[in-house]
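First comes the structure, then the notes that go with it.
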Amino acid sequence: MKTVSVIGDGQLARMMQPAAVELGIKLQLLAGAPDSSAAQVIPAVTVGDYHSTANCLAVAEGSDAVTFDHEHVPSDALSAMLDAGYSVQPAPSALINAQDKLVQRRRMRELGAPVPPFADISSVEDAQNFWNEVDGNVCLKACRGGYDGHGVWFPKDLTELESLVAELLEAGTPLMAEKKVALTRELSILVARNPSGEVKVWPITMSVQENGVCAEAIAPAPDLAPELAQRATDLGVQIATELGVTGVLAVELFAYTNDEGAEDIAVNELAMRPHNTGHWTQAGSITSQFEQHLRAVLDLPLGDPSASAPITVMANVLGADEDPAMPMVDRVVEVARRFPNAKIHLYGKGHRPGRKIGHVNLTGNAADAATVAATRRDAKLAAYFLVHAEWADQA
């Protein structure tokens, strides 16, 4: 039996477990708490802080590969596991491009990948200069640690930017800035690569964000020109190959209208692990991103990523301002009764407003606009009921 150590105890690690069972793989988990999302379903659990090198080495013992459900493991711990002879996938040399946004932007520019204009912000003067360069269209980012809208700021004027930068630099937050993109929508390309260099790519996904958090993903992305789809696919393969990524790579893309009036793309973020915009693969792909990630980090042959349905919609279940009185198990029953084809995935997390506590996958039997719209409607209705215990389409 192959063994994979997973550092990180959230829903991504949790959803690796069913795939591991099917493939006969043992997972051993480093969890921050014994009742965390992943620790609830993975039997072999070491409880400890992932910032501790000793804890990382302990969970790596006996593994055929070490992987992650987030990018925040300290470089010292990564180096220590490598020095001890463990197979760390993805390698730290690749992972740094997902850990540090400024490193990633510079590397993307070296590769010729499309990225917005950007700058290192080490002083208020740097921020002032960049503000002037891009006519005030500034997005300020923490270089490390931001996700789901955290660590990103859109200052409305120069005074606010100056204040933000001064405060954040004083707090020791490394910063970068980039030119705001006039988005038309957001896309993502999911790529899997194993250490032998085999690469597989899923159909391109369109995602919908609400308050900086992914609310919905639709695959294949509707109304995407074939030439642009191919360019995005080639870009994902190039990034995975040039960076030496192993496992699943998600390349988040800005879509915008270029000077010729056509849809175009620029790289937004990289994630080197299963990704929220890939959850649809559980219902709508021959090989899910979770199975593929395990295959890849163990250097097994990769599975077929082709779509198994004409359209698949994923709707996130995000915690309401107040948790309804109806128990979640009863909400699941009601959704299953109305939408028997809905695939519900709950994460075993406590309620918190805006928190990702689950998602719903729904497939459609055609890719025409009406079917896509109906599938999106039903997925969102199901997710809404799981959040609010009421149907959004019923008074």
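Please read every residue number as a count from 1 along the shown chain.
Using N, Cα and C of the backbone, Cβ positions are placed for all residues, glycine too.
Features as listed in TrEMBL:
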type	residues	note
BINDING	K101, K141, E178, K179, K180, V181, E186, N268, E269	ATP binding site
DOMAIN	105-298	domain 'ATP-grasp'
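Recorded features from TrEMBL, shown on the structure.
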residue: K101; record: ATP binding site; DSSP (3 states): helix
residue: E178; record: ATP binding site; DSSP (3 states): strand
residue: E186; record: ATP binding site; DSSP (3 states): strand
residue: E269; record: ATP binding site; DSSP (3 states): strand
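In sequence order, P116, V134, N137, V138, C139, F154 are the residues near K180 (ATP binding site), counting only same-chain partners six or more apart with C-beta under 8 A.
Listed in sequence order, the residues of the same chain lying 6 or more apart from E269 (ATP binding site) and placing their CB within less than 8 Å of its CB are A98, K101, Q104, V251, E252. Residue annotation for ATP gives K101, K141, E178, K179, K180, V181, E186, N268, E269. The furthest Cα pair among them is separated by 18 Å. In the shown protein chains, 22 other C-beta atoms lie within 10 A of the C-beta of E178 (ATP binding site).
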